Structure formats: C-alpha cells, structure tokens
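Colleague: Just lifted these from TrEMBL, have a look:
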COMPBIAS  528-538  compositional bias 'Basic and acidic residues'
COMPBIAS  539-548  compositional bias 'Basic residues'
COMPBIAS  550-571  compositional bias 'Basic and acidic residues'
COMPBIAS  602-621  compositional bias 'Low complexity'
COMPBIAS  639-655  compositional bias 'Basic residues'
DOMAIN    517-574  domain 'Signal recognition particle SRP72 subunit RNA-binding'
REGION    520-655  region 'Disordered'
REPEAT    223-256  repeat 'TPR'
Amino acid sequence: MASGSGPVSALWTEINRCGQNGDFTRALKAVNKILHENKDDVTALRCKIVCLIQNGGFKEALNVMNTHTKSLTSDLIGFEKAYCEYRLNRVEHALKTIQGIPEQTDKLKELYGQVLYRLERYDECLAVYKDMIRNSQDDYEEERKTNLSAVLAAQSTWESTSAEDLGLPENSYELCYNAACFLIGQGQLSQGMQKLQKAEELCRKSLAEDSDVTEEDVEAELAIIHSQMAYVMQLQGRTEDALQLYNQVIKLKPSDVGLLAVTANNIITINKDQNVFDSKKKVKLTSAEGVEHKLAKKQLQAIEINKALLAMYTNQADQCNKMLASLQTQNPEHPRPVLIKVAQLCREKQHNKAIELLQVLCPPDSFISAICGHVTKACDILKSLEEIKYKPGMLSALVTMYTHEEDIDSAIDVFTQAIQYYQSEQPGAAIHLSLVREAANYKLKYGRKKEATSDLEQLWKQNTNDVHTLAQLISAYSLVDQDKAKALSKHLPSPDTMSFNVDVDELENSHGATYIRKKAAKVVGESQPKEPGPEDIKKKKKKKKGKLPKNYDPKSTPDPERWLPMRERSYYRGKKKGKRKEQVGRGTQGATSGGSAELDASKSASSPPTSPRPGSGTGTAASNAVPPRQQKPAAAGATRKKAPQKKKKGGKGGW
C-alpha cells in the first residue's frame, strides 16, 4: 500500500475497511480521490480495477488497464485483464492474454481451463483440470472435479471419440448430473435417466437444508435436470411425456437463456410441421440475447437448421434461403443445409435445380434415381451405403420406397436385417425394440400374421406387463394357431384388475361426448305425485279449418292438376304470340285487314261469354262460376299488342 500522510492515509484506511466489508462502491469513491491527487499511483489503479470487477464493470476495468499500459504491465494485472475479457465473451483475446503471462498461478490455471472449455478444446481442458486436481491441495477440489466431469460430459456429447470414464464421485447433484450427461452421450439412455433422477433427489435434499430457499427456487434449480429428462424421453420415443416436461420448464421462465433456447428448440423438433403457430412463438426464445455465448457450436448449428426448416414449412421461401446461405457459408461441408435447399426447390416445383444440387452433394445417384422414378435402383444404391445402412432414417426411406413399389417382401427383409444388426450390436436397446415393434405392425398391416407373431412374442417377453402387445399377439395367433391363442389369453388380466377409475357421468358430460344419458330428476322428500285435477288439464286447441275461396262451389270437381305450374299441365298449349302479326305491314301504311272482324272470336254470336263483364247486372253466370284454382283455364284470348312507337326523323326509312 502506498504511504501518505493526512487525508491520503485516511482514504487508504477507508479503502481497507470497505474491502473487508465488501462495500466496493464506497471503496471506489475513495480510490478515485487518491487518483485525483496522483493519477499514476499503481496501487490505486489496481484497487480501482478490483473494485470495478467486483461491481461488474468489466468494460470500465478493461479501459483503465488499456489506458495505463506503461504502468500496469501484464505481470501485475494479467489475470484481471484475462478475466475481464472472458466475462465480456472475448474468449480468444483472453486466451492470448493468459498465454502471455510468465507466471502461471492456480487461479490463472482455473481461468485457463474455463477459457479452453468455452473454445471447445476439450482434450487440453481435460489435461489442465487433471493436473490441477493432482497438484493442488485446497478447499476447491470438489469444484474442480465438477468442472472435470462437465468436460467429460461435453466430450462424450459433442465429439465422436469415446470419452474415458474417470470414476469421479457422485456425492453432489452437479456431479451426478454431469455423470448422467456422460451416459446419455454414450447412448446409455436408461442409465442416464436413473442418474438424472438421483441428481434431482440430491438437489432437493441439499436445498431443503437452507430455510431461505423457496419452492420456486427449488424448481428453478431443477429446471436444467428436468429439461435433460425430457430430452431422454424424446430420444426414447416418449414424445408426449417429453413435451409436457419441456412446457413445464418454459413456464418457469428460467434466467438461463441457453436452457430456454435448447428447451424451445426441442419443442420445435417435436412439433415438426404440425402446430406451426406454437413453433413460431417458441423460435423467438432461441434468438434471445447472449444465447450464442451459452451454447456449443453444434447446438447453435442445430437451432439454425431448425429455424430454416420452420421457415420452409411456413412457406417463407426467401427467409429460408437466406438462412441456408448463411449455414452453407459457416459449414460448407455440412450436408443438411443442401438437403433442405433441395426440399425447398421441390416445394417450388423446381426439380431440375434440385437434381443439380443432389449431383454435387451425392456421388452415388441414389436420390437422383428416386426423383427420376427408378425407385428399385435407388433402393439398391441406398442399401450399398454401409455407414448409414441401418440408420432409422435410411430404414424408413427404404421401407417407404419398397412399399410404394408394392414389394412387401423386400420391405420385410429390410426390417429383418436391421433387427439382426441391432440384436448383435445393441440388444434390448430402445432402437432395437422400436424396430421390432414397427416390423410387427408392418406385417400385421399387410396380412403377414404368422411372421408377425415372432416379433410380438419377442416384445412381450421383454415386458410381460404390456397388455397391448399381448392383445396383438393373441389376435395374430387367432388366425394362425387357435390353441396358442387360447393359451396366451390366460395371461390377460382379469376384468377386476383392468377396471379403471373412470367417472362415467363426467365422461358423458365431457366436450367430446356424442351421446349424453339423461339424468332422472331428483325427488325431494317422499311426497307422492298428486293426480291431475280438472284445472290442471290443459284444453286442447281446436284445429282451425283452412280458408276457402269466396266463390267456392262444393259440388264442382277440383282440377287434379291445380298444384302443377301452368307450363306442366296437360292442357297447356302455350301462348299464342303474334296472332295478328301476319296482318301487320301488309298493304299501304295505316291500312287494316278487312277480315279482322271475322277472325275476332269475341265478336262471334256463337261464342259464350267467359266471364261477366264489369258492371253487368245479370247474375246468370254466377251460379256456373268455378272458384279460382278449381277450373280449367280456357284457351288464351288474343293479347293486346302495344302500338309501335314512331321513329325519329333523320335516317333512312323515316316516317
């Protein structure tokens, strides 16, 4: 500490006291007063840097170091500079700073290990932590073992080489969680799930000892464990359980943006091309600020690929193409962006461009053969790819293509070979049992009952409590071997054990019920129903008679065709249009035909009147009148024709 008298000495005393109490804000004010008197005081500058770091002012601390480079050399503030760069996510700069420091202290090695982990240089990081655990003796040994187990888990998950198991203890939930991640990376899902359940139990026990921790704090701490559990369920095919657990984690709104991004991404992968609206909401969580500093490169790459797929499914072609271009620039050797581009081109009906891309990507012309219609040739080429021959996606493609060609035997051979492969490589694994079940379902679908029985028996022996598989097996044997079916039916549970606690009334009143049983009305007391009295009997309303026409004659016979339209009646002869047409225009202008009066039936004496004329006083026709809708209409009389309008003068043929 720099010496001084008077006010400066008092300021140093205050800085010392504030440092012991953890009041770095007040200590910083005192340091600034000292630097106001002597701006090049090295001790005061170092104290200022420490105060700024403790208060989270990493950028300000780095500015102080860069401003006073002459007085603050790397041997004095090398660790502080590297730490600030690390916290500001300038990991490459932090690595250079650490490598330039001559003396490697324990705290510098700790920081070096963290920097290597962030850079995904796991082999070097593993060597650093092994050396520190071997050569250091202090109270931080458990933290170093936790970091070492995290490196092993990351190495197992993100690198193709198998990581070594160092046999680290599992006495804390952090160590147990990392051990579970190590097993999951090795493909041991069941063992990994058991470790996660143990980690959850240890976490609850350790947090229960602290009285200040609330239930919300416990759930927030368990969020990462629950998200990893959901990931294992998703890999095992239990997508409904996984989706439920993922949504629970999302609802907690954890502060870790990396955890939120991974959970949201996995929900999107479950949704696929369904529930697109939910996926569009979840994809926003994958783009939160700072996500790129929390996740591994492969995680970020998977998220970007899923974003491109979602853009393709939502018909956002321009956005999809931009994302794919960026992915291809970052990872030119990765085939997935090219395949998505091919799918996008196929959706846009640009098949020629899609074939050109596939020719560049795939030296074997398998996909090109499939596009051109040579399905059998494509299947043969796909089966020749030994490295991916038994991958689930490849098996699905082969079965689909053989089924399209109606070659069921070849599709079953694909299942048989794959089951034999996993029987020898991973017997009893989730993928092995899943293939056996898919093969059985496929054979049942296409009527191969006898062949399906062997697969169903293998599944049932793996889990004798699986009633669904047993029912399928009995159903298959019932058509092949009825004695065997009867023998197996004895293993079915009794009706009493199969009874479910179902509220029938609640089930019938549910939203999806198509028939609802009517409930009987509740009887209050034991009162007998009284007999209805005369006042309780409602009078029946008399049915009113239909209204009849005023001139209705009950003696006349109604027209049987009165309900038909006039055009459809048997006696309809059509309208007599143009009756006087032949007389018009003959002779001189204005002349009339002399025989017109003879042709007028209304002027004939022998023609009886069809109806009484208005104003006539005779009532003889009233007794013979037929009411409307009951008489057959007489032949239509001559219609009165409008006089032609005169044309205006001014043209040929004018009046």
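From the backbone N, Cα and C atoms, a Cβ is placed for every residue, glycine too.
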Colleague: Quick one: DSSP breakdown of the repeat 'TPR' (223-256) into helix, strand and coil?
Modeller: 27 helix, 0 strand, 7 coil
Colleague: For the repeat 'TPR' (223-256), what's the model's average pLDDT?
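Modeller: Average per-residue pLDDT within the repeat 'TPR' (223-256): 92.
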Colleague: In the compositional bias 'Basic and acidic residues' (550-571), how many residues does DSSP put in helix, strand and coil?
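Modeller: Output for the compositional bias 'Basic and acidic residues' (550-571) reads 3 helix, 0 strand, 19 coil.
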